[in-house]
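As structure tokens, the structure follows; a few thoughts come after it.
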Amino acid sequence: MTSSGSMTRPPCADREDMPNKWENAKLDEVTEKDMRTPSCWCGDVCKVKVSTDRKKSWTEGRRFFVCPNYAHDRRLPTNAYDVPPVWSKSKLKFCPTSTHPNNKFFYPMQSPPPLCKYFTWIDQDVPEDVRKDQYQDCLRRQRRFEEAFQRGLDEEHRQKEKMERKKREEERARKEKAARAEERARKLARARDAQEEDEARYKKGKGPMFP
């Protein structure tokens, strides 16, 4: 059976294009004064929203009609015992009070499942000002990427210089240690030769104690 609003209702847009972030919007009172707000599949009059989803850049800034029950939020029960089993207690936020610091929990807002998933675009193209902002944002992200990449190169260069400097210092220390060991060995050999020479002269009676 065809609903009364199906004859004037625009076709539903591609669900893959449905924004994940949006804000309240409205129709232009002058240029869109004759545009009728359609009813959604569940029979309620649609709401006007505008996409703020930059991740879906092709939707940002575009207004659309959406089921009013889709974007509805309701507060969860304030009593933990009233929370349905599908909601885990890990999602609760502890919120102490001044008189009873351990007995109050804050339940965040949560959107219930939509009654229907109808939505249709009002604006077929991204507004020019949003395009410019997206372009500037793209330039900013590109600049941040290039700066981060350059910082990475600079850090890699600094680390490479640090490692090379460390290797040079270790090599210099190794050579100095080897030189000291070699000098010590020469001195020990010289002392040993001198000692053996003196002992040989003493045995022959030719030492300084013998005229």
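Using the three backbone atoms N, Cα and C, a Cβ is placed for every residue, glycine included.
Any TrEMBL annotation is an automated prediction that lacks curation.
These numbers come from a predicted model, not from an experiment.
What TrEMBL lists as region 'Disordered' is 1-23 (among others).
Residues 49-53, 55-56, 58-60, 64, 66, 71, 117-121 of the same chain lie 6 or more positions beyond the ends of the compositional bias 'Basic and acidic residues' (12-23) yet place their CB under 8 Å from a CB of it. Annotated compositional bias 'Basic and acidic residues' per TrEMBL: 12-23 (among others), in sequence order.
Residue counts for the region 'Disordered' (150-211) under DSSP (helix as H, G, I; strand as E, B; rest coil) come to 54 helix, 0 strand, 8 coil. Annotated region 'Disordered' per TrEMBL: 150-211 (among others), in sequence order.
According to TrEMBL, the feature compositional bias 'Basic and acidic residues' maps to 150-194 (among others).
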